[in-house]
Amino acid sequence: MSFNTIIDWNSCTAEQQRQLLMRPAISASESITRTVNDILDNVKTRGDEALREYSAKFDKTTVTALKVSADEIAAASERLSDELKQAMAVAVKNIETFHTAQKLPPVDVETQPGVRCQQVTRPVASVGLYIPGGSAPLFSTVLMLATPARIAGCKKVVLCSPPPIADEILYAAQLCGVQDVFNVGGAQAIAALAFGTESVPKVDKIFGPGNAFVTEAKRQVSQRLDGAAIDMPAGPSEVLVIADSGATPDFVASDLLSQAEHGPDSQVILLTPDADMARRVAEAVERQLAELPRAETARQALNASRLIVTKDLAQCVEISNQYGPEHLIIQTRNARELVDGITSAGSVFLGDWSPESAGDYASGTNHVLPTYGYTATCSSLGLADFQKRMTVQELSKEGFSTLASTIETLAAAERLTAHKNAVTLRVNALKEQA
């Protein structure tokens with residue numbers, strides 16, 4: 001089924017509807033799983049030596065110094081245009097503003113007289129950021145990860161990227177307060193961050209996107225007792241657009257293509273109650289596609305994408321919630337009114353003037369989002385991902401005395417005698433003091 005095929009949702013059977021919302025299959029092959037496991041064990045055992053060998057093998061680069069020097073970062077900064085630096089500064093300011101606003105006030109309540117309960121927040125002590133290399137370096141992801149890490153107060157923030165590291169990535173790291181940058185890519189970088197080597201410090205939590213090997217490495221280290229936590233499960237990028245008859249077809253098409261050009265496994269979906277709008281968007285996609293440098297990649301993504309005509313906007317919202325897109329764009333005349341009905345989406349973009357690109361780069365929201373249906377249970381990345389919550393309780397003698405019989409009754413009902421004794425001993429001590 002080509003992207004130009006317009007599908008009438010209500011003419012489909014329940015099984016056909018289910019198939020229409022299926023995502024491109026992702027699974028780590030046995031060979032990837034084994035290869036990654038071997039890389040993890042090798043890096044854990046041999047440290048820096050293994051990292052250099054993998055750089056020569058996979059990146060075709062001889063790495064002498066794994067850590068990027070301050071002079072190299074300064075030189076990279078000099079090579080960038082003032083225009084790009086200014087654009088990064090604007091983006092960082094907006095990201096800072098939005099993520100600073102996410103700080104939670106401390107909770108401090110008396111649940112009953114003499115029983116004080118608190119919730120306090122602490123930063124994750126050390127975090128590692130992974131930034132892919134390649135022809136289009138994702139320096140914007142540095143801004144999205146390092147900025148909230150700094151606001152959260154993480155004491156150690158380090159970054160790994162395949163050599164040679166792009167000037168934009170090095171400058172973004174410096175701009176956002178990353179302390180150390182390392183010439184390490186792939187699954188071996190995840191291993192280095194999870195276990196530590198002579199040069200790369202072990203971190204508590206790893207953030208950032210990557211290829212199938214990086215994704216599998218993150219999964220494996222997150223399940224090892226000697227590994228590290230990770231940000232969220234990863235999957236192909238996706239966007240769903242809800243458009244009414246008043247939407248601009250060229251705008252809708254550009255948003256669909258901005259997602260499709262990410263990779264051949266990306267998925268884009270248009271939901272509209274207007275069949276003419278669907279046709280006009282399909283035509284606009286073809287026109288714009290012809291001008292794109294990454295047209296072949298986008299075409300592959302469009303093979304798994306859909307143009308769906310619905311009964312009305314309410315049905316569009318219902319289908320969107322069922323799919324749970326990473327990015328949801330609502331280009332309707334009543335976009336704000338539809339938000340309360342949205343239950344599953346990574347990030348929502350309202351109206352004609354809120355392209356996905358705004359959130360990808362500079363509006364202030366984070367572009368690290370749950371995908372592949374994980375929006376049903378996972379949140380978009382935010383300040384909380386770089387923090388942990390801790391509870392505190394303090395009972396006075398009076399508070400303890402009042403609550404003691406309740407605790408004893410509950411502990412006895414669960415047959416946890418030591419729990420009950422911890423209370424009874426104190427009750428008896430208070431009686432002796434009286």
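Cβ atoms are placed via backbone N, Cα and C, with glycine included.
According to Swiss-Prot, the features are:
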ACT_SITE  GLU326  active site, proton acceptor
ACT_SITE  HIS327  active site, proton acceptor
BINDING   TYR130, GLN188, ASN211  NAD(+) binding site
BINDING   SER237, GLN259, HIS262, HIS327, ASP360, GLU414, HIS419  substrate binding site
BINDING   GLN259, HIS262, ASP360, HIS419  Zn(2+) binding site
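Where Swiss-Prot records a feature, it is marked here on the structure.
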residue: TYR130; record: NAD(+) binding site; Cβ contacts under 8 Å, 6 or more apart: LEU159, CYS160, SER161, ALA189, ILE190, LEU193, ILE206, PHE207, GLY208, PRO209, GLY210, VAL214
residue: GLN188; record: NAD(+) binding site; Cβ contacts under 8 Å, 6 or more apart: ILE39, VAL43, ALA50, LEU51, TYR54, SER55, PHE58
residue: ASN211; record: NAD(+) binding site; Cβ contacts under 8 Å, 6 or more apart: PRO132, GLY186
residue: SER237; record: substrate binding site; Cβ contacts under 8 Å, 6 or more apart: GLN259, HIS262, GLY263, SER266, GLN267, GLU326, HIS327, THR371
residue: GLU414; record: substrate binding site; Cβ contacts under 8 Å, 6 or more apart: none
residue: HIS419; record: substrate binding site; Cβ contacts under 8 Å, 6 or more apart: ILE407, ALA411
Beyond the site residues TYR130, GLN188, ASN211: chain residues whose C-beta lies within 8 Å of the centroid, for NAD(+): PRO132, CYS160, PRO162, GLY185, GLY186, ALA187, ALA189, ILE190, GLY210, PHE213, VAL214, ALA217
Least Cβ-crowded entry, counting other Cβ within 10 Å, from the recorded positions listed as GLU326, ASP360: ASP360
Number of other Cβ atoms within 10 Å of the Cβ of HIS262 (substrate binding site) across all protein chains: 20
